[in-house]
Amino acid sequence: MERNVVGVVNNQFHAHRIVVGVVILKRAFSSSAANATKVAVLGAAGGIGQPLSLLLKHNESISHLALYDIVNAPGVAADLSHINTHSKVTGYSPDNDGLKHAVTDATIIVIPAGVPRKPGMTRDDLFNTNAGIVKDLATAAAQYAPKAFMAVISNPVNSTSMIQKVTTLDVVRSSRFVSELKGTDPKNENILVVGGHSGVTIIPLISQSGAKFTDDELKALTHRIQFGGDEVVKAKAGTGSATLSMAFSASRFTNSLLRALNGENGVVEPAYVRSPLFESKGVEYFASNVELSREGVGKIHDLGPLSQYEKDLLEAALPELKKNIAKGVDFVHKQ
Ligand SMILES: NC(=O)c1ccc[n+]([C@@H]2O[C@H](COP(=O)([O-])OP(=O)(O)OC[C@H]3O[C@@H](n4cnc5c(N)ncnc54)[C@H](O)[C@@H]3O)[C@@H](O)[C@H]2O)c1
Ligand SMILES: O=C(O)C[C@H](O)C(=O)O
């Protein structure tokens, strides 16, 4: 979903652009595919890949889970395959055309492959390494699975994706952080987060939830949501960034996309997609609520009413987002 992030590109016609982005949309989902749904996870042996694969093993809509990584994917697959849910699990390494076999006939390809941050690094510092990894994987996906929808998790998603779940993680965090402050059930706290997925580009629209906070509380809460990833990077002290909450979020997004591909109406998730919302300001990709459909991205929702505080957050986010997007686009053009 990788352009938690950027636009929806039909990879049949824009295969060379997949590089930057992550996700891609595609064509109509056939009813036979609905009965035999293969999901491929690329980077499946990593900190996100393993718990994500575990969660997907529990998804009854998936008939085949194909796991690929440069290390250990066959072992992870063997382990998961003993879980008594109905889906088949297969694991692939780069040997013997493993990547090709992993993605062929996939309906959805989720990409958590890549290097995570260490304390003191920004997501943007990961660009040089991760853009190349995503490019290689997305190129193979375009070649062997041209109909698949791709969801890219690899950071910096503001620059690497075309439709992503990243905003799902920000929404999951916001719900939890607000419920902690108010002492409520997080299931009832639906906080929309729009923009992008890095620092000031993360714009929580808390006013729409009806929750009342003092100015200081609101400022602190907004900062915590914008820098929730840094909180985890710091706590993990050099051993990685968020994996379990990201796996949960990616699993939620994948499940929503499967429901929409199977014909369910009204499935809405925040997603970073090519968007008309701020195109006139030169920002071509923007995360907002998106109705998922058989075609991937359906209706892109407006932001709704914003408080003055949120309007100011938006003004601060747009120039940074524009820069992030330009970086991904430049990378693609140089290939
Ligand atoms: N979008 C988000 O909200 C979000 C949240 C958390 C983490 N992330 C990003 O996700 C990425 C992965 O994080 P992690 O904690 O799982 O890292 P990790 O290092 O634990 O796992 C990454 C996995 O990718 C594999 N890999 C590397 N190159 C590969 C290639 N060419 N093909 C296949 N597999 C390859 C590695 O072998 C490893 O198993 C990082 O870039 C991180 O910043 C994004
Ligand atoms: O912070 C990171 O680098 C990982 C991820 O983007 C997050 O928000 O947790």
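Just so you know, glycine gets a Cβ as well, placed from its N, Cα and C.
Annotation comment: TrEMBL describes HIS197 as active site, proton acceptor. Residues annotated as NAD(+) binding site in TrEMBL: GLY43, ALA44, ALA45, GLY46, GLY47, ILE48, GLY49, ASP69, ASN130, ILE153, SER154, ASN155, MET246. TrEMBL lists ARG117, ARG123, ASN155, ARG173 with the feature substrate binding site. Taken from TrEMBL, the feature domain 'Lactate/malate dehydrogenase C-terminal' applies to 167-331.
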Pairwise CA distance, ARG173 (substrate binding site) versus GLY43 (NAD(+) binding site), rounded so that it is a whole Å: 23
Cα-nearest neighbour of GLY43 (NAD(+) binding site) within the listed recorded positions, ARG117, ARG123, HIS197: ARG117
Spatial neighbours of ALA45 (NAD(+) binding site) that are distant in sequence (at least 6 apart) but have CB under 8 A: LEU67, ASP69, VAL71, ASN72, ALA73, GLY75, VAL76
ASN130 (NAD(+) binding site) versus recorded positions ARG117, ARG123, ASN155, HIS197 - nearest by Cα: ASN155
In sequence order, those binding-site residues of GLY47, ARG117, ARG123, ASN130, ASN155, ARG173 whose CB lies under 6 Å from ligand 2: ARG117, ARG123, ASN155
Distance from MET246 (NAD(+) binding site) back to ASN155 (substrate binding site), taken between C-alpha atoms, in Å: 12
Fewest other C-beta atoms within 10 angstroms, as judged across GLY43, GLY47, GLY49, which are the binding-site residues: GLY47
Between ARG117 (substrate binding site) and GLY49 (NAD(+) binding site): CA-CA distance (Å): 16
Those recorded positions listed as ARG117, ARG123, ARG173, HIS197, and which of them has the most Cβ atoms within 10 Å of its own Cβ: HIS197
Rounded to the nearest Å - Cα separation of HIS197 (active site, proton acceptor) and ARG123 (substrate binding site): 9
